[in-house]
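Here is the structure we will look at, set down as structure tokens.
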Amino acid sequence: MAGVDKAMVTLSNGVKMPQFGLGVWQSPAGEVTENAVKWALCAGYRHIDTAAIYKNEESVGAGLRASGVPREDVFITTKLWNTEQGYESTLAAFEESRQKLGVDYIDLYLIHWPRGKDILSKEGKKYLDSWRAFEQLYKEKKVRAIGVSNFHIHHLEDVLAMCTVTPMVNQVELHPLNNQADLRAFCDAKQIKVEAWSPLGQGKLLSNPILSAIGAKYNKTAAQVILRWNIQKNLITIPKSVHRERIEENADIFDFELGAEDVMSIDALNTNSRYGPDPDEAQF
């Protein structure tokens, strides 16, 4: 799709990160995920987002190799799962993910959630121990950028109070019903890029009459309107699909621009509603 490979954001360390990517949450390991990654890369995507807990890192790597797109042209994100938080366990988990992906380095490594069943260690919050390991991986150039996922402002403040390397990305649930305005403002002030997971509200927003009406103005679907809204908000966005037609359709958003009134109408849909768990309450 024209333009999808050109849309970039610049992280605080100068690394260019593709603004639009493919998420593979709930994509089953094997041929399904491998094909989805291959189709996305062949359609111009240059950013794939996975995680250790998705159990499909090997399939992502296989899809990358099958696509024929050079490794250096693809931005790969993966994430540390909660049970592996802690300094030494983080280092080991990173290496396991790297080997499963079959790559020499990872572009972006994220702490998946700030809490789990065992949030505390002797030294304090486990995600702070993990962040020290993230900084070590970054200094050793095993990863090009480091960040967090599902962090509220108070979680970020904990990290910022102790870090020597500031998180470059915060990936959170973000869509028109939960636009995270306060968190986005905080992250902007700290030069932390915000990335939207579940940008389509797990598909529940696709029948919204306001979004559908806006789409009709531009001859676009409600999904394309939402994703274009993400782009115009300078958000990184990673819609998920395993269907070739939908993968291509999702990326067909770089040939139009939402008018200011339409952006305001989408902004006004916010009700701070979540489809996923609140990070302060999640117990995985």
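In case you wondered, yes, glycine gets a Cβ from its N, Cα and C as well.
Feature annotations, courtesy of Swiss-Prot:
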BINDING   24-25, D49, 149-150, Q171, 197-202, 240-242, 246-250  NADP(+) binding site
ACT_SITE  Y54  active site, proton donor
SITE      K79  site 'Lowers pKa of active site Tyr'
BINDING   H112  substrate binding site
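A Cα-Cα distance of 15 Å separates S149 (NADP(+) binding site) from the residue listed as 'active site, proton donor'. Same-chain residues at least 6 positions away in sequence with a Cβ under 8 Å from that of the residue listed as 'active site, proton donor' are, in sequence order, V24, W25, Q26, S27.
In this structure, the binding-site residues under consideration are V24, L200, and the one with the smallest number of other Cβ atoms within 10 Å of its Cβ is L200. Each residue contributes its Cα atom, and for R246 (NADP(+) binding site) and the residue listed as 'substrate binding site' these two points are 26 Å apart. The binding-site residues near K79 (site 'Lowers pKa of active site Tyr'), taking a 10 angstroms Cα-Cα threshold over the set W197, L200, K240, E249, amount to none. For H112 (substrate binding site), the nearest of the binding-site residues by C-alpha distance turns out to be W197; the candidates were W197, L200, K240, E249.
Among the recorded positions K79, H112, K240, R246, the residue whose Cβ has the fewest other Cβ atoms within 10 Å is R246. The candidate set comprises the binding-site residues S149, E249. Of these, S149 has the most other Cβ atoms within 10 Å. Residue density at W197 (NADP(+) binding site): 20 other Cβ atoms are found within 10 A of its Cβ, drawing on all protein chains shown.
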